[in-house]
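Down below is the structure, laid out as structure tokens.
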Amino acid sequence: MTELVHHEEQSRKRKRSQKDQGNQKKLKADKIAAAKDSVVNIEPFTIEALCEGMLLLGCIKEVSEYELAISLPNGLSGFVPVTQISNAYSKMLSKEVAQGELLEDLNSLLDMYSPGTLVRCIVTSVEKRADGRRSIKLSIDPKKVNKGLNTSSLALGMLLSGSVSSVEDHGYLIDIGVSGTHAFLPRQKAQNYIKALKRGPDLKIGQNLNCIIVEVKNEGRVVRLSVDRSEVAASLATERQNWTLSNLLPGLVVKARVQKVAPLGMKLSFLSSFTGIVDFMHMDPEKSMNYSPDQVMKACILSIHPTSKVVRLTLRQAFLQPGGSPNQLSSDRMGAVVEESTVKAFYKQFGAVFELDDGTLAFARLKHLSKNRKSLKPVAFKAGCKHKCRIIDYSLMDEMCIVSLKYQIIEARFLQYQDIHTGDVVQGKVFALKPIGMQVKVADGIKGLVPLMHLADVTLKQPEKKYNIGHEVRCRVLECNPEGRKLILTLKKSLVQSKLPVLSHYEDAKPGLITHGFVVCAREFGCIVKFYNDVKGLVPNNELSTEPISCPDKVFHEGQVVKVMVLKCEPQQERLLLSFRLSSKSAPEDKKECSPKKKQEVKYQIGEMVDVKVLKKKDNGLEVSILEDEGNVIASIPTVHLSDFVATCKLLWHCLQEGDVLPRVMCLSDKGEHIILSRKSAVISAVQEEQVVRSFSEIQPGMLLTGYVRNVMPFGVFVEFPFGVTGLAPKVSMSDKFVTDTKDHFEVGQTVIAKVMSIDEEKQRVLLNLKVSECSSGDSAAESFALLNQYFKEMKEIRNLLRRRGEPSMARGLCELVPGKELQLVVQDMKEDGSALFSGSCVTGLTVTATRYHLGDKNLVPGEKTKALVLHVDALTSKVYVSLREELLKQRAKQLTENSQHSAIVQHVAEDFAIVSLLETGQLAAIPIASHFNDTFRFDSEKLKVGQIISATLKAVKVNDHGVLLAVQGPAKKNVFVRVRNESETAVEEMLAAVKHSLSLGDVVTGTVKSVKPTHVTVAIDDKLTGSIHASRILDEVPIGSFPTCTLKAGQKVTARVIGGREVNTHRYLPITHPHFTRSIPELSIRPSEIEGKVTAMLNLKENSPLKKLGLYNVGQTVTCFVKKYNILKNWLEVEVAPDIRGRVPHLLLSLNTKVLKHPEKSFKNGQAISATVTGTDVTETNLCLSLTGIQSLEQGTITVGMVTKVTPHIGLTIALPGGKTGKVSIFHLSDTYTENPLGDFKVGKIVRCYILSSENGKIQLSLRQSRLNPKSNSKVEDVEITCIKDVKKGQLVRGYVKSITPSGVFFGLSTSLLGRILFQNVSPYFVQKHSLYEKYLPEGKLLTAKVLSVNGKEKHIELSLLPEDTGMPSVLPESLGLPRYDTEEEKTEARDSEKREELKLKTKRRRGNSESEQEAKPKRRKMTMTADEYDSGIEVYYREKEDDDQEEEAAKKKSKVRKPGEAPRLQVSMGFTWDEDMNAMDIPMLNQKEESSESEEEEDPQLKVKKQTKKEKELEKQKKEKELCKLEADLMDPSRQPQSADDFDRLVLSSPNSSILWLQYMAFHLQATEIEKARAVAERALKTICFREEQEKLNVWVALLNLENMYGTEETLMKVFERAVQYNEPLKVFQHLCDIYANSEKYKQAEELYQTMLKRFRQEKSVWLKYASFLLKQGQTEATHRLLERALKALPTKEHVDVISRFAQLEFRFGDPEHAKALFESTLSSYPKRTDIWSIYMDIMIKHGSQKEVRDIFERVIHLSLAPKKMKFFFKRYLDYEKKFGTTESVLAVKRAALEYVETKSSLADT
């Protein structure tokens, strides 16, 4: 790109010097020497080529209050700040700011400048912004732009930039930036311009003008100007105007001559001696190919480089008339996507130029050609290549669009503020938190603000805790103002998720409209509510609520989201009156609108299992359609929810393709717009087994819940559970190990099991514990094996998925490779690290590697053939890991037994498991790495390493599809997680369990009521013992509907009798003889009869098993039971009959009232007494099955209730009945009046009353007709039931539904069992050739009225007609179709047919069965001869009473395979017609009623029992603590007491548990008595007691423990404590303390070894090197220290070197060789003479250790350095102080003289 490019490549200095020499010569000659004539590639210039002082022609793109945005050539853009307009304008601005009031004659930039105006600018700076982009700052101040001009160079006809500096009577004073020149513009010369401008009668100060000089006086000291448009437009720069390279201006139009035409640009000469260049973007598009050397044309100067003096020009027409303006882009083109744009040219440094679909040119910069620099392929941009792009901007100065090829920009929803509309929901990233709110980046160049009030539904005090920078957020647009580039967003969930209409204009506020808004102010007069676009309204006081509110500000808070209704609106006055009282009138309408949506939303319940099909793969998951709904419902599965294993999630996402089906996926949340599904098996089984909580109120401390990580924050982990409950596991409760960084332990989406620690009811917060020791069942082998098993099960599913693809792809190859398979391979390459790469026919496309260890001792060469054994296949990266070790290749397979233990060698470590080989047989086995879902983090020392020998216990001894045995790590592994509880730790469970009591059955006790629960009451018998009274044991006669437990109040004294005991943990009832009875919770009774009566009967009952107890209840017996809760998932009511007997009432047996069944949870209150009938026991025989409606007999003629379980279009309903039975309702029995859409009102789950029509062989037919349900109501029956053919009479009008259309006619359903046929000539009076017309106008299920033409009772045939003359209804085919009517010929034919009809004897076929069903018939072969044209004979009716459902379903299935509706019948008969075409159109319901599985009923919800227990334990613990405190306080009253015993210390540490000094004194107390074990125990107690935040206090105890073990323990015990200390503290501190301990106890060898370990582990830590150095020097090992310094400098970063050397030198001074130390300082200072800190240290040390002469030498050297005056002053002061202290008066004077000299030299330098 001419000289400019060459110079850019060189460094600044070289460039300047060369150019300066060159320019002097050029300026003398006043022309550019065309030295380099070689053809140059003329590239457009880039931002790098811009420099300060460069002159450019620009065009105003946008005008704002404080700056002008300028479009520059070649797609660049810059801005002119308001201070760079002109001198006069800046002065006025300063004046306005100083005075603090607006000046009249100061106009804003918006009044003076308009987009599209060309201006001359000068670059004032190019700065780098925070985001790495450069911004170009410009000025249009004439003083800067015209700085090359002086008075002598001004000439007639010159075109200059000027700025209005003042308005006079006869004209204007113009500032043209030439000092010493007064420029005047007479009014008459400006009139024409002012009129055209239409901006008022005067020019304004600061306005920029294109002026032409019309008169020069007094040698250029006075000039007269003109701005007349015609004069300016005609101006041309000529040689006479004395232009030189130093004062040439952009915007001048010159005559130019072509010198050279390059491929993409050309060189011109102009003004006789100057040359310039034109790049391809500035050639005239009309003539681009037709330029020839020496051609003369007009050109306009675009830019002048200040140093290289390269001039660029443009030949575009718009610039060839000064004062013109370039063409604009039409607004609809902005943001348009161009499917095919053709590459015209590509530039390495710049980008590419394209031709768009409309023939215009566009260009894209490099960064917009591909995702990143690396992925840019220049080959793809050869001329002629086609690409899809999007217009993202328009460059005015190039009259070209700017496009982008980036996929994310083409697909972006928003490109500019104009694309965003109020109410849009947008995704964004947080990029700054400011005091006024949070800034969110919505897209490139689009930023929005979320004001503080809108950060959440409630006001956030510390938003930084909720939002981190980079956090993705979903917000809604409150306000968007594209002109001001202002975007206001909200993050309030209620607004973002609101489905109500968006109110953004007063005009939209119609009375009755209900919408969401937010309160901005609440005062005594009412509330002001704000909506979108700053629309505000008032809710007056009387409309705030149905009750009067005296202080609205106490009820409503600022920012609260509210639902309001518009009462009145006056758009002109912008007045809006609102109400919070959503009136009852508008409610039904509202419901109507919302009901379909609502039903759609709640369509899938959480926990429902569905099969899905993959529609689309997205970065963060899959978009799927639910197959049950024929794919109409779209849902998504996030990647992290594809599996419980993080690695498998990624793999499955990678393997799945669009169209794949995923079976059994669970609905996780259904928030209306999008359903989220999960495939995590642990979460699915937790939901199915009811191990979940549905709401906050169900959570109890101690519960174990399965969930997944929602977010990982520095302070802890948020865990979400199904049904949306979320909790926080703080950092301290995350792991049994020391947590340095939370992100190392858990990642988002990971499955975890959490234990509830505590709940805060008020703030609805849950604190969780994720420690494996707390969350595991204790059987780590079983848990880890379950994880391994599940992992391999999922891998098998993935393999099957890949196999089903069927294509011989790499994926297929991966499926065949399993661990343990032998392969024949060829060595391909040997790597430097000793590993080898292989290839082979069985592994094409895969990377096969063996590590150095797995090559054994073999020396392989490329090309060699070898056998290898597969260890592991990583499908995600397509890598296969193999081994060539002999012991693996020669496996000795042997029959192994389950649970046998073996030694094994680790061969390969993957992410979730490791492959090991059994030592004795060489067989491969897989062992899990994690022992639990939460066990995710390992210290390096704990990680498995290849070659390590471990003990393994086999769990699966058959080699399965995975090719390996399954095992778990054996007993050799220390169980890290089992915590040994100390005596001092009192866990609630142990405290309760440990309470022994001597109570036996029948004992009478007295106690106090502690708490009252719905079904039981807890009673404190004495200080420690708690008993329980069940609701059934309070009153002898329980009134139905009462709440027995409410008769007792907390604190009340009761006398009760022991009737049994319950185990603490399992809540099982124990017989009295049980050995643990004395440790149970006594079960009491206060029933008067039981307190007085005998208790022997109870005793026997208690000893029996639950099975026998349930056996005491007979079917039909009535019992009184107590409501425990309504189980929403299982749809049953859980009740308690007695303390040890539970029962369940299924949903449909709760009531015969449909209202009760709709909301059962509201109808039954917990603890209420109800009367129920026993119907049996459940499958597991642990619960009674009960009914509240008696025992239902489902006999013919009875009325019952049921629930819709399936809706089959055009057929009817399947209904679940009480007792687990199901029945069918045909569409003819839904109502007494048939409707067009009979099934529209029925949805799955609807509760209905039904009449039983028939019940045979378990098949039940039902009717929902009102005439059946309420025979007395006498309601009108419009469509009478037709049960048999006798109910149909000739000439009768009947209504029914179209069944199907076949070549024989239209089949028409009259009832469940009766069909009629309508011949086509009886369908309509028109002749129809295309049968598809009938299908269109007579769809299946259409309701029609027909007339009976004839009834054949014997043959069961009914012939019907739909003709208008028969039915009196309009024709089913509209006249508008213009079809021909039937003629008389056809009528005759019909008459002939009717005669023949008598001859036909058709056999009908009946089948007797169980239930009504759709008809199925086989065609009979006719035994008559008929001609083909007589085919359409007679009407057959097929009448069937009952048929077997299942057979008929099978038939329908087979048929649907054989053929589709409308095809020819499957049996070709030469005559007559068959009845079986209509069968194809029938949709037969599948009776696949899923019964409750036995497992689901098996679990008895032990969780609930645990809940009750923990509350009791809490109470007990509280009481105990209170007593202890009272005692302590009394003891501690005496302040003078010194601790003399262990008890005294215990008291002290209780009062200050976090004081390590007290704990250390306590340890010392035991050590004095040589009770070392007790001292250890105290230390362990201290570590458990001291709060986790007191890290230093804890560390002190660890150090004391290390000291103790060092003095009294063995090396082994010391190392054990040390390893633990390293895990729980900052490792470096622990290492350093142990080193000190070793050094102090003179164990130098151990200290030496430990230091060596530290240098490896903490090689980047400066303190370690220094500590070791001081240790070596104290040992006298100076040589070793010198070597250590060299090692330290290699290990540490360069910036630390100076500091380290100086610290080593200081140590040498103190403990080693002072001479060497001096040498170190001297060498450092010679390299870094300006490091004043080193000089200071050196001086200090020398003053302490050195002679006076040495010290003075150093001072003399320092004061002659050239440092900053401030630093020099400091050193002079120090020198003076030193001399005053140790020197003489002469030496003090000498220092003062030196200081004076220094000051004088400095000032003289400044003068020059």
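Using N, Cα and C of the backbone, Cβ positions are placed for all residues, glycine too.
Look at TrEMBL and you will find 1-11 (among others) tagged as compositional bias 'Basic and acidic residues'.
Look at TrEMBL and you will find 1-29 (among others) tagged as region 'Disordered'.
Among the features that TrEMBL reports, compositional bias 'Basic and acidic residues' is placed at 18-29 (among others).
For the domain 'S1 motif' (53-141), DSSP puts the residue distribution at 23 helix, 36 strand, 30 coil. Under the heading domain 'S1 motif', TrEMBL lists 53-141 (among others).
Broken down by DSSP into helix, strand and coil, the domain 'S1 motif' (157-228) contains 14 helix, 34 strand, 24 coil. Residues or ranges marked as domain 'S1 motif' in TrEMBL: 157-228 (among others).
Residues annotated as domain 'S1 motif' in TrEMBL: 251-316 (among others).
On the 0 to 100 pLDDT scale, the model's mean across the domain 'S1 motif' (335-406) is 85. What TrEMBL records for 335-406 (among others) is domain 'S1 motif'.
Residue counts for the domain 'S1 motif' (423-492) under DSSP, helix first, then strand, then coil, are 7 helix, 38 strand, 25 coil. Annotation comment: TrEMBL describes 423-492 (among others) as domain 'S1 motif'.
Residues annotated as domain 'S1 motif' in TrEMBL: 512-581 (among others). Across the domain 'S1 motif' (512-581), the DSSP tally of helix, strand and coil residues reads 10 helix, 35 strand, 25 coil.
Under the heading domain 'S1 motif', TrEMBL lists 702-771 (among others).
Here TrEMBL flags 1002-1075 (among others) as domain 'S1 motif'.
When the domain 'S1 motif' (1116-1189) is classified with DSSP, helix, strand and coil residues number 12 helix, 37 strand, 25 coil. Summarising the annotation, TrEMBL assigns domain 'S1 motif' to 1116-1189 (among others).
The DSSP breakdown of the domain 'S1 motif' (1197-1265) into helical (H, G, I), extended (E, B) and coil residues amounts to 6 helix, 35 strand, 28 coil. The domain 'S1 motif' feature in TrEMBL is assigned to 1197-1265 (among others).
Per TrEMBL, domain 'S1 motif' is recorded for 1291-1363 (among others).
What TrEMBL records for 1367-1473 (among others) is region 'Disordered'.
As annotated by TrEMBL, compositional bias 'Basic and acidic residues' applies to 1389-1402 (among others).
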Most Cβ pairs under 8 Å with the domain 'S1 motif' (53-141), selected from 157-228, 251-316, 1116-1189, 1291-1363: 157-228
Most Cβ pairs under 8 Å with the domain 'S1 motif' (1002-1075), selected from 157-228, 335-406, 1116-1189: 1116-1189
Helix, strand and coil residues within the domain 'S1 motif' (335-406) as assigned by DSSP: 7 helix, 36 strand, 29 coil
Residue counts (helix, strand, coil, in that order) that DSSP gives for the domain 'S1 motif' (251-316): 3 helix, 35 strand, 28 coil
Summary of DSSP states over the domain 'S1 motif' (1002-1075), given as helix, strand and coil counts: 7 helix, 31 strand, 36 coil
